[in-house]
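Student: Structure provided below as structure tokens; questions to follow.
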Amino acid sequence: MSGRLVVDLQDVDAAGLAEVGGKGAHLGELSRIDGVRVPSGFCVTTHAFRRIMAEAPESGELLDRLSRVDEGDQEAVRSLAARLRQVVGATPLPDEVAAAVTGALARHGERSAYAVRSSATAEDLPTASFAGQQDTYLNVVGTEEILRHVSRCWASLFTERAVTYRGRQGVDHRTVHMGVVVQRMVVPRASGILFTADPVTGDRRTATVDAGFGLGEALVSGLVDPDVLTVRHGEVVARTIAAKRRALHAVQGGGTRETPIEERRQREPVLTDDQAVELVALGRRIEAHFGSPQDIEWCLDDDGFHIVQSRPITTLFPVPERDDDVFRVYLSVGHQQMMTDAMKPLGLSMWRLTALAPMYEAGGRLFVDATARLAVPGSRATLLDVVGRGDPLTRDALETVLENGEFEPTPAETDGGAPPAGDGAEPDEADPSIVTELIERSRRSLAELEREIGTKSGPALFAFLREAFEEHKRVVGDPLNIRAIMAGMEATWWLNDRLEEWLGEKNAADTLTLSAPDNVTSEMGLELLDVADVVRTHPEVVAFLEGVEDDGFLDELPKVPGGAEARDAFEAYLDRYGMRCVGEIDITXPPVRERPSALVPVVLDHVRAFGPGAAARRFEDGRRRALAKEREVLERLRDLPDGERRADAARRMIRQVRAFAGYREYPKYAIVSRSFVYRQALLREADELVRAGVLADREDVHYLTFDEFEEAVRVRRVDERLVRRRKDAFRSYQALTPPRVLTSEGVALSGAYRRDDVPEGALAGLAVSAGTVEGRARVVLDMAEADLEAGDILVTRFTDPSWSPLFVGIAGLVTEVGGLMTHGAVIAREYGLAAVVGVERATRLIRDGQRIRVHGTEGYIELLS
């Protein structure tokens, strides 16, 4: 195939992407499906495009410059793209290319009308459609016109929209080439688009048909409103008939013309129900062939339906793979862990290997199957209650699934499920000494892991790790560990419910848990204030840190007066917290021990914003406030009827919540501490593969599963194509927003607030830390780029424990993801910040620098400017 300038569509299949581009490869593959009619034609190959680019003056230099330009510099992008279009469009077609196209036209009918369609190699891919980025020309007649439009298609690879889109997708412009499809025109009476899955809800069982009169380009370009038909299980279940006032038609001799539609026909259905069902059946055949939901362009003439394009619907959130047809309901793990970014394959596989429950993978995220718990009334009520307290949006999404009738619960039966957490009963008291015991057990287990793993390498390391994962699960799943976590949560729920009922006091536990002991995440933030105390006593150290640009600064720091003491303070901090990082549930994310420069701006901010001893003062202030709140609450309770009994119950629960609330953060710390040890050992193996020439980059192992990594170490070989595919898939997954709830049929649900107490124009969320604060919003998407001042309100997508040092100086917190007991909420309460989480699209609806008011008790945000 190498070097061909023209190839007939019938000789192309999906493997021809590099030769004919995405559209051409898909059309060739479509033409091979039984019962699918694709207009005949040929492709001008990417070899012809390369010939043009080789002969086009300046093209190489312009492409190099375009690939280096910052995608945010739109003026530079616009200028370079325009120059490339001009250069390519002005380059004459080589004689061999013109002869090849002319010969193909002679075979297919040189007097016929054709569609001339761009087909880039970065187009209609499984992970990115690139739809509409290059040009298509309809009803082109005559050899000279077709040659001219082939040249125009080549130039359209460099339209500003195409260049911008590729830049955002991380595609190097120098690696993309253009094929051109030249295809016999179908002159249709109707045309449109078929989505074999609902593009809004994601439901794979529901197909949507958009249909209009005449050529489909009018519909694709938004010139006309289409009829919309919804087809499910072989029948039309909904239809909207639009007023179709205009249509696009082919003109005799070439070109197209927009024409008005007679008034009497404007409300006529474009398709009958039978035709819509027939079209969807055709779409299902195409979907089955390609193995994923498709966005299909179709047209209808007297001979029936013709398919002129099919591409993956890349905006749908993927569905976990399964081996049965049972309707299933999945809950997002990332929303519970406050990390909704896509994870790499190594991180996904290791989380699954160490998880207590089966995990299911989709879109680079993890989900748990909640079907069994929803099936039985008792466990269903408990799940909805517990989930609802932590994250009302997830509860609403689950209730939507139940209300839609998709899920068929089992009849009422005794299932041994616990009563809902809010049933009013006082929780059993737990022995506070178990916290000390659990922490000591965890430390001993970690020390043993560190001692033993150092002696392992090669295949023996992976065998050892599999045993370590079992110990990992034993530590995390220890019933005593679960009891300690639940003791704090149950006491929190009881106090909040009863004190609001008895005293009208909302979220009283927020204050009662201030400066609770054993909260390793709040200690992480406060201890960085202690590092700042060391740094501030040495002006030369401060000056040195202000110039830090890389992660090697700790080696240079002792050369500065006072630097040795400062280095020791940093090292002590890293010894305890260096395993933490943004997105720490993914073992491939670099911990702060490997990126210590991330601490420098936070330490310098603390030096400027706080005086010496701030950590101890803040902790003691929190403890005093908690004790004062306890005295106040108990005194008010004693004044009520049956007050002594109520006060005694509250005292017991306050004692319990203070004993156990801090421990809520420890299990995650223990998990990440173990994962850091795993990571160090695995990276040593990756480095060995690099030294052996098996890998080009140690981080390529991030795109292998644990099993694949083990195999690579054993056989000393890695499939580079697999790694490239995984990198492409990861980039596409990063662009997807994961739902809180996902069904096995692809319905993605994020939930909604059902409230009438939110002022008009305010943003609703979940109240997780009491108080009201007004200040400047700082919208931060990357912790490393945070520029916060005292009194600012942090607005971000999510926070995990690694963000804790930033909480020390801010006044409030707003996140898009989170729940009552997730880490950001716990630490916001610990630091006394007004906080609202679960605010949908907060980082887009709140402007950086905008003044806002956070109502942490009521759960909403007012936009003030």
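Quick reminder: no glycine exception, Cβ is built from N, Cα and C everywhere.
As listed in Swiss-Prot for this protein:
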{"type": "REGION", "residues": "2-314", "note": "region 'ATP-binding'"}
{"type": "BINDING", "residues": "K23, R117, G132, T136, Q183, E297, Q309, R311", "note": "ATP binding site"}
{"type": "REGION", "residues": "327-752", "note": "region 'Rifampicin-binding'"}
{"type": "REGION", "residues": "403-430", "note": "region 'Disordered'"}
{"type": "COMPBIAS", "residues": "409-424", "note": "compositional bias 'Low complexity'"}
{"type": "REGION", "residues": "765-863", "note": "region 'Swivel phosphohistidine'"}
{"type": "ACT_SITE", "residues": "H823", "note": "active site, tele-phosphohistidine intermediate"}
Student: At the Cα level, what's the spacing in Å between Q183 (ATP binding site) and the residue listed as 'active site, tele-phosphohistidine intermediate', rounded?
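Tutor: Counting only the Cα atoms, the answer is 57 Å.
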Student: Taking just the CA atoms, what is the gap between R311 (ATP binding site) and H823 (active site, tele-phosphohistidine intermediate) in Å?
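Tutor: If we compare the Cα positions of R311 (ATP binding site) and H823 (active site, tele-phosphohistidine intermediate), the gap is 41 Å.
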Student: So among the recorded positions K23, H823, who's got the most Cβ atoms within 10 Å?
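Tutor: The largest 10 Å Cβ neighbour count belongs to K23.
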Student: Which one of these binding-site residues, R117, R311, has the sparsest Cβ neighbourhood, judged by other Cβ atoms within 10 angstroms?
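Tutor: Relative to the other binding-site residues in R117, R311, R311 has the fewest Cβ atoms within 10 Å.
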Student: Write down the Cα-Cα distance for the residue listed as 'active site, tele-phosphohistidine intermediate' and R117 (ATP binding site), rounded and given in Å.
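Tutor: Answer for this pair: 52 Å between alpha carbons.
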Student: How many of the residues that make up the region 'Swivel phosphohistidine' (765-863) does DSSP mark as helix, as strand and as coil?
Tutor: 23 helix, 33 strand, 43 coil
Student: If I restrict to non-local contacts, at least six residues apart, and a C-beta distance under 8 angstroms, what lies near T136 (ATP binding site) in its own chain?
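Tutor: The list for T136 (ATP binding site) reads A115, V116, R117, S118, C153, E217, given in order along the sequence.
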Student: In angstrom units, rounded to an integer, how far apart are the Cα atoms of Q309 (ATP binding site) and H823 (active site, tele-phosphohistidine intermediate)?
Tutor: 47
Student: What Cα-Cα separation, expressed in whole Å, is found between E297 (ATP binding site) and H823 (active site, tele-phosphohistidine intermediate)?
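Tutor: Checking the Cα atoms of E297 (ATP binding site) and H823 (active site, tele-phosphohistidine intermediate) gives a distance of 47 Å.
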Student: Where K23 (ATP binding site) and the residue listed as 'active site, tele-phosphohistidine intermediate' are concerned, what is their Cα separation in Å, rounded?
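Tutor: Rounded to a whole number, the Cα-Cα distance is 46 Å.
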Student: What count of other C-beta atoms do you get within 10 angstroms of the C-beta of Q183 (ATP binding site), across all chains shown?
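Tutor: There are 21 of them.
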Student: Using DSSP and three states only, what is K23 (ATP binding site)?
Tutor: helix
